[in-house]
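Engineer: Got a structure for you, questions after.
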Amino acid sequence: MGLMGIYILSSRNVLIPTITIHVVYFITSFFILKIFKKFPYIPVVCSIVSILSIQFYLNEEAYSSVHGSLMIMSMKMISLAFEKKYSFFDVYGYIFSPGTLIYGPFVTLAQHNESYGINFFSKIHIPILAFILSTSFLILSHYVPNELEFLNWYNILIQYKTAASFRYSHYFISYISLSLASLSGIKIDQVSLWLKVEIPRSMMNVACYWNIPMHIFFHTCNKKYFIDIYKNLKQYNNFMAVILTFVFSSMLHGFNFQLTAVLISIGINASVESKLRNKLSKKFDCCCKSRECLENCEHSNKYFSLRTIIINTVFLLLNIYHLIYLGAPFDDSYEGGRYTINHTLNVWSQQFYFISPILTLIVILITYIF
């Protein structure tokens with residue numbers, strides 16, 4: 001399996017140094033894990049430093065072709081810090097698994113090992129449905145928006161089209177990864193709940209359902225790596241604990257101002273929105289929290305109550321606007337997605353006048369008023 005993964009990697013990256021980087025990174029990380037087994041923070045730091053160093057060493061074109069696979073490798077190596085038993089060849093097959101090496105998704109070593117005993121035809125419908133969905137989102141991202149003339153009538157609709165095209169491209173990759181992972185025998189049913197993102201009840205839902213395996217990875221890391229840090233931060237402010245997660249995520253993606261700004265913005269919006277909606281839920285006794293209430297919740301005003309509908313609709317529209325704002329810079333103006341800081345700031349300032357962060361500040365003020 002590992003040899004097949006390296007073959008796929010070599011067929012995708014014609015530059016020999018990029019293949020060597022993956023192999024050297026794997027070997028180095030493995031021995032760091034073994035040597036510093038009692039210091040699980042060290043593999044995290046080494047992974048982040050390695051990604052940033054590789055980004056500095058390679059040119060933009062070469063780095064853009066390998067940063068996805070390097071990030072998946074880093075997540076896998078970090079997840080091994082708390083595994084008790086594994087051999088060099090176990091990890092080699094896990095890291096270079098052809099089903100998850102290029103596009104992901106993140107899977108644990110246990111999930112990978114279980115794939116060897118799964119009947120290929122037992123869940124053949126999953127890769128088939130995932131492939132159909134990925135093809136649908138490919139068409140949606142590149143062809144349908146350009147054919148709908150009414151999307152060019154107003155500037156906000158043009159920006160919505162740009163942001164939606166970026167999101168649909170992400171869904172395309174997500175379902176391709178699900179299809180490939182399922183074909184390789186890995187037991188995984190879902191990687192992204194796109195409806196939860198496109199109709200965003202809350203920014204918390206966007207953060208959770210955009211990439212479910214990655215969300216699970218960070219949630220696990222928070223429990224295992226940052227549990228003491230989180231306890232200390234939550235004594236002062238839960239906001240800082242949430243931001244730490246998104247800073248960690250942006251570091252694994254490498255140094256990219258636009259992506260870092262988007263990730264941290266999502267974290268800030270999710271945190272302040274959740275706090276306000278918790279207060280509104282108590283004050284108006286309604287089901288308007290960031291996460292949906294259970295059927296037997298204690299609120300008197302359920303989902304179809306007028307006040308609940310109004311509050312949830314306001315936040316729905318607000319979150320749609322945030323998604324338009326955050327996705328608008330991901331346009332076709334730069335080949336390979338190598339966006340500059342000036343490009344990002346120009347889009348947000350000239351086309352949106354930084355209204356999204358202003359709205360976030362207003363939400364913060366309302367939270368303190370309540």
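Using the three backbone atoms N, Cα and C, a Cβ is placed for every residue, glycine included.
The transmembrane segment annotation in TrEMBL covers 14-33, 40-58, 91-112, 124-144, 165-186, 239-272, 309-328, 348-369.
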Engineer: Residues sitting near the transmembrane segment (40-58): Cβ under 8 Å, six or more positions beyond its termini, same chain?
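Structural biologist: Apart from its flanks, the transmembrane segment (40-58) reaches 17-18, 21, 25, 28-29, 32-33, 66-67, 70-71, 74, 77-78, 80-82, 221, 224-225, 251-252, 254-255.
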Engineer: How about long-range neighbours of the transmembrane segment (124-144): same chain, 6 or more residues beyond its ends, C-beta under 8 Å?
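Structural biologist: Beyond its ends, the transmembrane segment (124-144) has Cβ neighbours at 164-166, 168-169, 171-176, 178-180, 182-183, 189, 194.
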Engineer: Give the nonlocal contacts of the transmembrane segment (309-328) in its own chain as ranges (CB under 8 Å, at least six residues past its ends).
Structural biologist: 156, 159-160, 162-164, 166-167, 197, 199-203, 206, 262, 265-266, 269, 273, 277, 280, 284, 286, 288, 303, 347-348, 351-352, 355-356, 359, 363
